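Engineer: Take a look at this one; I'll ask things after.
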Amino acid sequence: MIPEMLLVALTGLLVGSFLNVVVHRVPRRESILYPASHCPACGHTLRPWENIPVLSWLWLRGRCRACGVVIPWRYPALEILAAVLALLVFWRLGWSARLPGALCFAWALLALTWIDLETQLLPDRITKPGILAGLLLNGLGLWWPGIALASPESALLGVLLGYGVLWLLAAGYFYFTQRPGMGGGDLKFLGMIGAWLGWQGMAMTLFIAAIVGGFVATLYLLLGKGRDYAIPFGPYLALGAALMLLWPQEILSAYLRFLGP
Ligand SMILES: [Zn+2]
């Protein structure tokens, strides 16, 4: 178990390093492949030993070696989070055919959360391919049942309902308040969650996000932060989806116990 966990954690760190490139460049509409990792301040191209997750940041004391500009703590933090998330997924799913797909989904959730918190955007460049990738993975489950996270029918319904239901909610909110509520990015994100987790997982994700998001919004109101304080909804959706990825049965049965007599 220990060697596997080390492998998963190391993979998580490396993917986290790649996610840093993604969350920095995708909102700026830059290529994620070219040019190579460089200092955003002086353009200094990172040598391999300056690009080792977490360690390089510690070794360089959080500064660019060429110009001395401070490299924010969010770089190593994202790498560590990607590794922790990978370990959580591995702990729940084990060494199974579903593991690679589940890991990719979890890392995509992390990247989208990060981008939404920083820019209030959920870029189409991630959510649209994310919808296709989820449908493809669960579609391949027809031939290789072990790798799917949901049935192909449930995934397809998840996309349609996820996108459609939130669209209706947003339209209703706009009708009553004349203010835009959720953005189009949230709709595509929920569709993507449906593609990966199926319609049941998508519905529970929306339920969890609404409860946690509503709780936090109420807290903001009570603390006098004002009702116009914009809180991005994406991170709550990501949290709900991560919980449904990790503990689907536990959450569903808790929900049914809560509903039923
Ligand atoms: Zn620099």
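Cβ coordinates are placed from backbone N, Cα and C, and glycine is handled just like the others.
Source: prediction; values computed, not measured.
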Engineer: Among 61-79, 99-117, where does TrEMBL put the label transmembrane segment?
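Structural biologist: Based on what TrEMBL states, transmembrane segment spans 99-117.
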Engineer: Mind checking which residues reach the transmembrane segment (6-23)? Cβ under 8 Å, same chain, six or more beyond either end.
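Structural biologist: Beyond its ends, the transmembrane segment (6-23) has Cβ neighbours at 32, 37, 51, 53-54, 75, 78-87, 90, 103, 107, 110-111, 114-115, 118, 126.
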Engineer: If you average per-residue pLDDT over the domain 'Prepilin peptidase A24 N-terminal' (10-92), what number do you get?
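Structural biologist: Taking every residue of the domain 'Prepilin peptidase A24 N-terminal' (10-92) together, the mean pLDDT is 91.
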